[in-house]
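Participant: What Swiss-Prot records for this protein is below:
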| type | residues | note |
| --- | --- | --- |
| COMPBIAS | 315-326 | compositional bias 'Low complexity' |
| COMPBIAS | 410-424 | compositional bias 'Low complexity' |
| DOMAIN | 165-395 | domain 'SMP-LTD' |
| REGION | 125-145 | region 'Disordered' |
| REGION | 309-336 | region 'Disordered' |
| REGION | 405-425 | region 'Disordered' |
| TOPO_DOM | 1-76 | topological domain 'Lumenal' |
| TOPO_DOM | 98-439 | topological domain 'Cytoplasmic' |
| TRANSMEM | 77-97 | transmembrane segment |
Amino acid sequence: MSQDLIETTATTTKIVEARELGHQIHDSLLEQLKLQQEELLQQQRDLFFQEQQLQLQQQVTQPVSNNGNTWSFTQGLVIGQVSVIFIIIVFVKFFVFADSSSHIPTKPGLDGATGVIVKRNKNKKHSNGQFANDGENEDDTSLDSNQSKISSILEKTYYDVNNHASESLDWFNVLVAQTISQLRSEALLKDNIYHSLNNFLTNAKLPDFIDTINLTEIDIGDDFPIFSNCRIKYGEDLKRLEAKIDVDLSDTLTLGIATKLLLNQPRPLTAVLPVSLTVSIVRFSGCLTVSLINTKDIDLKNVDKTSNMNGYSKENANGDGASSSNNDEDEDDGGTALMFSFSPDYRLEFIVKSLIGSRAKLQDVPKISSLIENQLRTWFIERCVEPRFQVVRLPSLWPRTKNTREPVTKKTTTTPSTTVNGTSAATITTPGEYVNSNI
């Protein structure tokens with residue numbers, strides 16, 4: 001028992017000693033914390049005093065800087081107000097109120113256009129001693145300006161004349177086919193081709209040995225031309241761009257006529273020889289050159305004058321001189337025109353059938369076939385084969401009210417019902433698909 005008591009007392013003393021040791025450690029830690037807090041407070045006081053000193057120094061130097069800032073702000077405010085007032089005065093004077101000199105009446109026409117159209121190269125001046133070289137300088141200047149315009153167009157449209165691939169023109173073939181199909185339908189329904197050709201042959205001046213010409217056959221075909229391999233190239237004069245397009249047409253276009261050859265010697269109608277001819281175009285292929293030009297182009301006028309002087313134009317001998325002069329007057333008015341021609345390596349195939357005689361008939365005489373074919377080729381070459389070309393004036397593309405249309409939805413309207421034989425009936429009307437919006 002005594003040993004147990006000794007052990008318990010020993011453990012008790014150890015516990016007491018441990019507690020005292022813990023209290024001592026706690027007290028020491030508290031003292032260390034207090035010391036650290038005092039040090040932190042002292043540091044904060046020092047920092048506070050330093051900040052106060054800095055603020056005092058700033059307050060001492062601030063009045064001088066405030067005076068400078070206030071003066072610069074005042075200057076900026078005054079200058080800004082003055083500039084705004086000056087801008088308002090200038091705007092009111094030059095933009096609101098018109099100049100008194102502008103009210104002086106001027107002649108209409110070119111004087112009014114010169115103030116609207118922007119002119120380039122106004123600083124170019126020519127002395128009196130340069131009149132001999134004015135023509136050459138103007139030609140060189142116009143050539144350079146045209147080349148610069150063409151280069152600008154090609155650059156802005158991303159088209160390389162030398163390396164761009166050719167186009168198929170499938171979409172264009174569809175549009176042309178629709179147009180030709182519509183024209184054929186109108187020709188079949190209205191017989192306008194027959195009537196126009198018949199009137200032309202009836203009113204034509206024929207020699208005394210040819211009787212009246214009658215139409216026997218007209219075939220407008222059922223196929224369509226195919227345009228392909230389109231490429232843009234420079235013209236020979238480098239003043240414009242040309243579109244080279246391959247054209248191929250395999251169809252049968254036929255015109256048949258019947259007439260009589262009259263022998264009026266030694267007396268009128270001594271003999272009569274019936275003649276029947278049928279000409280068919282079965283194949284055409286070639287390279288079509290298309291370009292847009294101005295009808296006031298100097299080169300165009302020179303070509304026309306040269307062709308007239310050399311006797312290329314035979315239309316004047318046939319009584320078309322008045323129409324050609326009228327066309328020249330129209331071209332002098334200016335405007336855009338479509339110029340097209342075919343290359344000399346075209347392919348044109350004919351089938352000519354002839355029947356001569358009444359009882360003993362001669363069929364398909366080769367001499368007659370070659371004569372007619374040569375005449376047709378000559379007619380085509382003189383009008384459409386390079387270096388000759390056709391010029392078609394383009395209409396104005398400005399939108400006009402008289403050309404405006406709008407689709408109309410089909411609506412059914414019923415009139416009041418009427419009684420017929422004991423049954424009621426109503427009249428149904430539908431308006432047209434398109435109406436003219438020009439009122």
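The backbone N, Cα and C atoms fix where each Cβ goes, and this holds for glycine too.
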Participant: Same chain, outside the transmembrane segment (77-97) by at least 6, Cβ under 8 Å from its Cβ: which residues?
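Facilitator: Hits for the transmembrane segment (77-97): none.
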Participant: If you average the pLDDT over the topological domain 'Lumenal' (1-76), what number do you get?
Facilitator: 81
Participant: Which residue counts does DSSP yield for the topological domain 'Lumenal' (1-76) in the helix, strand and coil classes, in that order?
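Facilitator: Counting residues per DSSP class in the topological domain 'Lumenal' (1-76), I get 75 helix, 0 strand, 1 coil.
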